[in-house]
Amino acid sequence: MSITKEFDTITAISTPLGEGAIGIVRLSGTDAIAIANKVFKGKNLETVDSHTINYGHIVENNEIIDEVMVSVMRAPKTFTREDVVEVNTHGGVAVTNEILQLLIRSGARMAEPGEFTKRAFLNGRIDLTQAEAVMDLIRAKTDKAMTVAVSQLDGSLKNLINNTRQEILNTLAQVEVNIDYPEYDDVEEVTTNLVREKTQEFQALLENLLATAKRGKILREGLSTAIIGRPNVGKSSLLNNLLREEKAIVTDIEGTTRDVIEEYVNIKGVPLKLIDTAGIRDTDDVVEKIGVERSKKALEEADLVLLVLNSSEPLTDQDRTLLDISQNSNRIILLNKTDLPQAIQTEELPEDLIPISVLKNENIDKIEDRINQLFFDNAGLVEKDATYLSNARHISLIEKALESLEAVNQGLELGMPVDLLQVDMTRTWEILGEITGDAAPDELITQLFSQFCLGK
């Protein structure tokens with residue numbers, strides 16, 4: 001997809017294919033209204049007011065294809081800042097595809113993935129962070145993830161980055177003035193102090209922003225959570241309890257879960273990617289052995305480990321092995337089967353364990369509370385009006401910007417002339433511009449929009 005502005009008219013189906021109450025076919029471009037008008041029988045769309053919905057029929061050769069409502073929105077007050085038409089049809093694969101093909105035959109071009117959002121970016125309606133927020137909003141798995149995406153779409157990150165870039169420019173301009181038109185005998189010292197003060201200010205701001213990355217990444221991608229334990233301690237039953245549906249096979253036969261099962265669940269706004277692992281033990285079964293190896297790998301990569309022990313049986317060597325290999329992880333130890341007489345030796349266990357009964361659904365809510373304590377310091381997940389980093393691209397660029405600012409600091413410590421340090425500060429300004437798209441390479445922008453679905 002070319003990064004250059006294109007002014008032809010594009011079209012695509014904007015609703016999921018399949019049976020449904022309605023389908024929407026969208027057009028955007030200079031000829032959007034004229035093309036829609038060619039196939040619409042009703043009011044003259046070229047003369048109706050902007051932002052109106054018009055009843056009529058889509059026809060070809062006087063044959064009615066569907067009864068529709070057509071929305072007409074004139075530039076620049078549209079998502080793309082171009083003329084936009086949305087044809088609201090009855091849902092279904094055949095009718096939406098037929099109308100799409102008719103619009104293409106009438107002069108529109110099939111849109112590429114993300115091209116509507118790309119045009120909104122190229123026409124200056126949104127920046128790159130807001131474009132990425134559109135995708136985050138589509139993919140949000142919980143209300144908290146949605147809140148963060150909406151905040152970014154509303155411009156919270158864009159405004160913070162743009163304000164910081166402007167402050168950097170102001171600092172660079174003041175340095176230039178001080179160097180070219182010195183008003184004081186100690187102008188070099190004054191300029192050095194200015195650069196030092198501003199550099200520390202920018203560092204503090206970006207470090208605070210970077211500190212939100214852990215929380216933001218969890219909201220965007222989910223908290224990878226491995227459920228581990230020896231066979232038949234209730235791992236799959238716990239998974240089903242958290243999911244509140246039967247997703248894993250639960251039996252009384254040891255070794256039933258022979259692979260790794262992954263599911264997402266919303267725990268108080270946190271999207272947990274639950275990984276139910278095969279019981280980790282020595283086995284001669286080839287299939288089960290593969291599952292055990294995958295379980296060990298899942299344990300290494302997990303953000304959180306839920307270690308399930310059977311409180312109705314004494315600790316086994318397998319239990320002790322699991323306690324040992326998971327001790328450096330963010331771990332919650334769960335004593336399951338508290339509905340049965342206790343036989344486990346609790347003196348060998350850490351004090352912060354949680355007794356539960358998956359069978360009777362007892363103390364499951366305490367797992368949720370402990371997760372909040374472990375990852376969010378009981379402070380709540382999303383603070384009102386806060387800006388969060390959740391995108392790996394943004395995080396990487398903020399880290400690079402901080403490296404450039406640190407280079408300025410090191411130069412100051414070494415007594416380097418301030419005019420030489422302008423290079424690193426200018427580099428910081430450029431890196432931050434890559435976040436918003438002001439200085440992003442064409443190839444990057446093209447690649448980002450190609451990840452969108454058709455019609456968005």
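Any Cβ shown, glycine's included, is placed from N, Cα and C.
Copied over from Swiss-Prot:
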BINDING   Arg26, Glu86, Arg125, Lys456  (6S)-5-formyl-5,6,7,8-tetrahydrofolate binding site
DOMAIN    222-376  domain 'TrmE-type G'
BINDING   Asn232, Thr251, Ile253, Thr256  K(+) binding site
BINDING   232-237, 251-257, 276-279  GTP binding site
BINDING   Ser236, Thr257  Mg(2+) binding site
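Here the binding-site residues are Arg26, Arg125, Lys235, and the one whose Cβ sees the fewest other Cβ atoms within 10 Å is Arg125. Taking the Cβ of Asn232 (K(+) binding site) as centre and 10 Å as the limit, one finds 18 other Cβ atoms among all the protein chains shown. Per-site Cβ counts within 10 Å over the binding-site residues Glu86, Ser236 peak at Ser236. For the recorded site, Arg125 ((6S)-5-formyl-5,6,7,8-tetrahydrofolate binding site), the DSSP three-state label reads coil. For the pair Glu86 ((6S)-5-formyl-5,6,7,8-tetrahydrofolate binding site) and Lys235 (GTP binding site), the C-alpha distance works out to 49 angstrom. Note on the domain 'TrmE-type G' (222-376): mean pLDDT across this stretch is 74. Within the set of binding-site residues Asn232, Lys235, Ser236, the entry lying nearest in space to Arg26 ((6S)-5-formyl-5,6,7,8-tetrahydrofolate binding site) is Ser236 (CA atoms). Put simply, Arg125 ((6S)-5-formyl-5,6,7,8-tetrahydrofolate binding site) is 48 Å from Ser236 (Mg(2+) binding site) when counted between their Cα atoms. Distance between Cα atoms for Arg125 ((6S)-5-formyl-5,6,7,8-tetrahydrofolate binding site) and Lys235 (GTP binding site): 49 Å, as a whole number. In three-state terms derived from DSSP, Glu86 ((6S)-5-formyl-5,6,7,8-tetrahydrofolate binding site) belongs to an extended strand segment. In three-state terms derived from DSSP, Asn232 (K(+) binding site) belongs to neither a helical nor a strand segment and is classed as coil.
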